[in-house]
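TrEMBL lists 355-409 with the feature domain 'THAP9-like helix-turn-helix'. Annotation comment: TrEMBL describes 417-483 as domain 'Transposable element P transposase-like RNase H'. Among the features that TrEMBL reports, domain 'Transposable element P transposase-like GTP-binding insertion' is placed at 544-655.
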Amino acid sequence: MDFVIFQENGSDLATEDEQGNHQRTNSQMDSVTFEENGTDLVIQDEQVNNQRIDSQMGKYRIFLIVYKHDAYNNNHCLLNYRLRHLQRKRLRDLVIQDEEVNNQRIDSQMDSVIFKENCSDLVIQDEEVNNQPIDSQIDSVIFKENCSDLVIQDEEVNNQPIDSQIDSVIFKENCSDLVIQDEEVNNQPIDSQIDSVIFKENCSDLVIQDEEVNNQPIDSQIDSVIFKENCSDLVIQDEEVNNQPIDSQIDSVIFKENCSDLVIQDEEVNNQPIDSQIAEQTLYDDAKCQTSKKLSNNSPRKVKQRKIIDRQRKRLKRLKQQALNNKQKRRPRDLQKDKAIKILRKFLPEKIIKFIDMQIDLHHKNPNGRRYNEETKRFALSLYHVSGKVYRMVAKFFSLPSKRSLMRWVSGLPRCPGLTKEAMNVIAEKVSMGVKLMDENAKICTISMDEMSLKVNLAYDSCKDEIIGLKDFGDGEKGDSDKVKEKLFEAIDKVTAIGLTVTAIISDLGSNFIKLARELNITPEKPWFMHNGVRIIYIFDPPHLIKAVRNNMMNYEFHFEQKVARWNDVEALYAHDKTLSIRCCPKLTEDHIHPNGFKKMKVKLATQVLSHTVAAAMLMYVSIGTLPPSATGTSELLSKFDKVFDCLNSSSFKAGKILNRPITSTSSHLQFMKEMIPFIASIRVINPQNKKDVTNTLKCLRRLQIILEFFWFHATTRGQFR
């Protein structure tokens, strides 16, 4: 495997392989040198015929560079097509067999191919690239004199001398037959080096004929096109841009003498010689650099997308037909449900109808796959807020969200300290919607305050990047200062700004609220405070006061009008009454007599002890001698506090007890409150263990007196009640 040297008259130096083809090859893998009179050095093969190949044959690339002219933009677009990229690992017969590249002279060494004089028979014949002298070394192709027969014939690029080195193509004298004939780019001399094309004298036959760009001399280097003398036939004829000499470099077009026929004829720019370097508004128009409509519409990507669109349209049509069939063939269960709902609409309101309809749909679904609408979520949250026990019981009969789902929905609500902006916006929206329907009395409101016990603990919130557990009043500052008063005034201002009228503040007997009432100078004689010129009443919650009275009775003795009320009398009553089959006080239980923990917080347990029923039963047991006569004081105190609670906790105009009805200026409430104010003031609370008076340390009695003073004063002197 050294090399084969073809000497003069060495036409008989051929190799004979198993296939019977004559092949002269340079096995050195450097180059193939064609000497004079070497016209017979041709490779003949079924796939690659008449092709001289260097047996080095590593890999080779063939590129076709086409400049396409767009009339709309009057510009040229560069299209780079990669034709082949092959790699041969074994060349058994030193022959290329391929259906695609036939009769192609390629230097696989990639050094050079030198065409000597009288090499007119060195022609490439191929279905794709025929009669094309290409230097696969990518150095240069030099056309010597008398090379007129070196012509490319191809269905795509015909009669096109291309320098695969991309250096230059030099057309010598008498090269008039070097013409390109092609369906796309015909009669176009192109320098694949992209340097320049120099047209010498007597090149009048170098004309481009093409359906898209006809009779157009283009310099593929994009530098310049120089038209020499006697080039009058160099004319562009095209359907889009006719008779227009354009320099694809977009630098300049130089018209020499006697070039009077170089004229532009076009529907847009007619009879106008243009220097393509200057006409930027035309040559640089992007729209004219686009490919033809036919190529653009049939690009691989668009063809693929059209197939996808057609497939999706067929699928959509199929689904629509399927939905129509399902609608026409509805299940009997759905028909029965619609019929039942239609009947129920005659008897039930729309909200209940929607709830029943939703329950029917959810009943046939897996519990893990149930989905609830916003109305159902609000109903479930409201019901659970009223009573968790009731919610759990109702959830056994209806398809309701689980407790975990409710907690997950609530977790998305704002939980920041201070006044919640979202809550204020909801109240403002409701007020604004009913402003025209609300009179001044409807805008009157109260602000209720309460406190809750928090564990002493610090935690880090990674979402907000802050420590939770420090004292925070919602203003972004943390500290130990008491800001309850400031926050109360802030709440009053915001509620007033919405359009409501704050008339009273209600709180329990918490230590912070007792301190707040002291700072606001709340007394029985003056149970209000002024804020922004408005008088606001401070009311302590009556149910909490009743619980406080019951709790103090369990520990102390209440002395009034030479009588004593003791908790021991209540215990003795319950101990005797629970043994009877028909009881006088059937509601009393052990929790009423000895409440522990959270039982003390239940208002019901306190009001059922401080009631008229227990007081009447105690008098009955005193009369029959079951209880001592001193129990009459306990019975009287229980009866009076029962009436106080009824008076301060009215809810209906048709209540059975007169004092449990709303207060008016003519009702018996005023006389009762007038009697109770001095009675409560006369009560003395004594510690039974050390006989010490602890009246001034109790909070409940004084707060009851404040409430009674307020209602009686306004009802009698100002006529505030109707």
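Each residue, glycine too, has its Cβ placed from N, Cα and C.
In terms of DSSP secondary structure, the domain 'Transposable element P transposase-like GTP-binding insertion' (544-655) contains 65 helix, 7 strand, 40 coil. Confidence over the domain 'Transposable element P transposase-like RNase H' (417-483), given as mean pLDDT on the 0 to 100 scale, stands at 73. Look at the domain 'THAP9-like helix-turn-helix' (355-409): DSSP puts its residues at 39 helix, 0 strand, 16 coil.
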